[in-house]
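Chemist: Just passing along the structure, written as C-alpha cells.
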Amino acid sequence: MKVKLLVLLCTFTATYADTICIGYHANNSTDTVDTVLEKNVTVTHSVNLLEDSHNGKLCLLKGIAPLQLGNCSVAGWILGNPECELLISKESWSYIVEKPNPENGTCYPGHFADYEELREQLSSVSSFERFEIFPKESSWPNHTVTGVSASCSHNGKSSFYKNLLWLTGKNGLYPNLSKSYANNKEKEVLVLWGVHHPPNIGNQRALYHTENAYVSVVSSHYSRKFTPEIAKRPKVRDQEGRINYYWTLLEPGDTIIFEANGNLIAPRYAFALSRGFGSGIINSNAPMDECDAKCQTPQGAINSSLPFQNVHPVTIGECPKYVRSAKLRMVTGLRNIPSIQSRGLFGAIAGFIEGGWTGMVDGWYGYHHQNEQGSGYAADQKSTQNAINGITNKVNSVIEKMNTQFTAVGKEFNKLERRMENLNKKVDDGFIDVWTYNAELLVLLENERTLDFHDSNVKNLYEKVKSQLKNNAKEIGNGCFEFYHKCNDECMESVKNGTYDYPKYSEESKLSREKIDGVKLESMGVYQILAIYSTVASSLVLLVSLGAISFWMCSNGSLQCRICI
C-alpha cells in the first residue's frame with residue numbers, strides 16, 4: 001500500500017507542476033519554398049518574386065499610346081506606302097506594334113538596304129518631326145515629280161510613296177540635278193531615297209533620256225555613288241523593274257548633297273528624331289485595350305513590381321527581368337509544422353521540437369505557460385519584431401538589387417545573316433540561363449539562411465529562459481521547463497520579460513528537489529526488495545515443480561533413480 005501511495009504521489013507531483021514552453025508560430029498556410037538542401041518546404045509566410053501573368057492586351061505605356069502599324073510594316077510606314085496613309089499624322093508613341101507578316105511594306109519591289117539596322121534605330125525613337133526636306137512644288141522645276149506606279153495603287157488609282165518623289169524627264173530632257181540640305185534641327189535627321197533599276201534600255205531612255213545614269217549621295221559620314229542596273233527580272237507585283245531603298249542619319253549641322261542625271265527616287269519628307277530609351281518595336285497580334293501599364297510584352301501587359309518574370313523575353317518599359325524559372329518564392333516566415341497537441345489533465349502541448357503553435361497568432365516566437373491560474377500563449381514581441389525587420393530589409397534589398405527594370409527588344413537580322421542571328425540567339429540564351437541560375441541560387445541560399453535564422457532565434461529564446469531558471473526548473477523536452485516551485489502569472493511574466501528573480505524561488509525549489517529525490521530513493525528501495533522476493537519465490541516454484549515431475553515419473557517407471565554409495 002505504501003508503494004502505491006508513493007508512486008501516485010510522484011505522478012501527481014509531475015502532472016500538476018507549473019510549466020513554461022518555448023515555441024514558434026504555425027498556421028494553415030500551404031506555401032512551399034525550396035532551399036539548398038530541401039524542396040517543397042511548407043512555411044508560414046513567403047513572398048513571390050516571379051511574375052507569370054499578363055492581361056493579353058496592348059496597353060498605353062505610362063499614359064502614352066503605342067503606334068499600331070496595323071497591316072503596314074515599318075518599311076511601309078516610314079516610306080509612306082499609300083495604304084499606310086493613316087499613319088502619316090502619328091508623330092509620337094510609347095512603343096511601336098508591328099503585326100507578324102504585315103501586308104503593306106515596300107509596294108514597288110526592291111531591296112531595302114540595312115533595313116534591320118533602320119528598325120533598330122527606330123526602336124529607340126519615341127517621336128519625330130516629319131518635315132518637307134525638298135518641297136515638291138519648288139525643288140525640282142526642271143523635272144517631272146508626278147511619277148506613280150500601279151503596284152502602289154490607292155483607292156484603285158496608281159500612286160506612289162508619300163515620303164518620296166519619283167523624278168522623271170521633262171520636255172524630253174533630264175537635266176543634271178544637284179540638291180543639298182543642311183540639318184538645322186539640332187537633332188538627328190533620317191533621310192530616305194531610292195534608286196530605280198529599269199527592266200530594259202527602252203524604259204531607261206523613256207524615263208530619264210540617258211543610258212549612263214548615276215546617283216551620288218554624300219554627307220560627312222556617308223558617301224556612295226549608285227549606277228542603275230538595267231536587266232530583265234521576274235515580275236513582282238506585276239513589275240519587272242526594281243527600286244532599291246537607302247537611308248542615312250544626318251547629324252546636326254551636317255549637310256547632305258544629292259547629285260544625279262537620272263534614276264533618282266528623291267526624298268520629299270525627312271524625320272527629325274527624338275530618342276526615347278523606353279521605346280521599342282514588338283511583333284504582336286494582341287488586341288489594343290483602354291488600359292495603362294508600365295511594362296508591355298508581345299503577349300500582353302504586365303503590371304508588377306516583382307523583380308523577375310517568365311512571360312516573354314521581349315519587353316517594353318519598366319519590366320522585370322526575364323528568367324526561365326517556373327517558381328521563385330522567398331521565405332519570410334518559419335517552417336510550418338503545426339504540432340499534434342497531446343492533452344493530459346492540463347492540456348500539455350508539444351513545443352518547438354515537434355511542431356509549431358497555431359494558437360500563438362501575435363508573433364513568430366513565444367511562450368506557452370501552465371499553472372494553477374490557467375494556461376495561455378504569449379508572443380515574444382522583441383525577438384519577433386527584430387526578425388521581421390531583418391527579413392523585411394533582406395527581401396527589400398534582394399528585390400531592389402535584382403529589380404533593374406528595363407526594355408529588352410529583339411535584335412533584327414536579315415535573311416543573309418542567319419549565322420549571326422543564330423549566334424546572337426545563343427548569346428541571349430546564355431545570358432538568360434545565367435540570370436535564371438543566379439536568381440534561383442539566390443533564392444535557394446536566402447531561404448536556407450532565413451530558416452536557419454528562425455531556428456537560431458527559437459534556440460536563443462530557449463537559452464534565455466534556461467539561463468534564468470537554472471536549477472529552479474528542469475528541462476522536460478519539447479522546449480519545455482517544469483518548475484520546482486509554484487510560479488503564478490506574475491512569476492511567468494518575469495520569466496518572459498527577463499526579470500525572473502532566481503534567489504526568491506531557490507529555497508522552495510531546493511526543498512522540492514530534495515523531496516522528489518527522497519521519494520525516488522524510497523521508491524527505488526521498495527522496488528529492490530520486491531525484486532529480490534520475486535526472484536526467490538519464482539525459484540522455489542520452479543524447484544517444487546521439478547520435484548513433483550520427477551516423483552511422478554519415478555512412480556510409473558518412466559524415470560529410474562539409482563543412489564550409489
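Glycine is no exception: its Cβ is also placed from the backbone N, Cα and C atoms.
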Chemist: Choosing among Cys21, Cys59, Cys152, which residue does Swiss-Prot name as bonded to Cys107 by a disulfide?
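Modeler: According to Swiss-Prot, the disulfide partner of Cys107 among Cys21, Cys59, Cys152 is Cys152.
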Chemist: Which one, Cys10, Cys21, Cys291, is listed by Swiss-Prot as the other cysteine in the disulfide with Cys59?
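Modeler: Candidates were Cys10, Cys21, Cys291; Swiss-Prot matches Cys59 with Cys291.
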Chemist: Given Asn71 (N-linked glycosylation site) and Asn104 (N-linked glycosylation site), what distance in Å do their CA atoms have, once rounded to a whole number?
Modeler: 6
Chemist: Specify the nearest of the recorded positions Cys107, Asn142, Asn497 to Asn303 (N-linked glycosylation site), where nearness means the distance between Cα atoms.
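Modeler: That would be Cys107, the closest of Cys107, Asn142, Asn497 to Asn303 (N-linked glycosylation site).
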Chemist: In whole Å, how far is Asn28 (N-linked glycosylation site) from Cys59 (disulfide bond) when you measure between their Cα atoms?
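Modeler: Cα-Cα distance, Cys59 (disulfide bond) to Asn28 (N-linked glycosylation site): 38 Å.
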Chemist: Reported as an integer number of Å, what is the Cα distance between Asn40 (N-linked glycosylation site) and Asn28 (N-linked glycosylation site)?
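Modeler: Distance (Cα to Cα, whole Å): 15 Å.
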Chemist: Check the glycosylation sites Asn104, Asn142, Asn176 for other C-beta atoms within 10 angstroms of each C-beta and report the one with the most.
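Modeler: Selected residue: Asn104.
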Chemist: If we count other C-beta atoms within 10 Å, could you say which of the disulfide-bonded residues Cys84, Cys291 has the fewest?
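Modeler: Fewest other Cβ atoms within 10 Å, among the disulfide-bonded residues Cys84, Cys291, is found for Cys291.
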Chemist: Please work out the number of neighbouring Cβ atoms within 10 Å of the Cβ of Cys319 (disulfide bond), leaving out its own Cβ.
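Modeler: Taking every protein chain into account, the count is 26.
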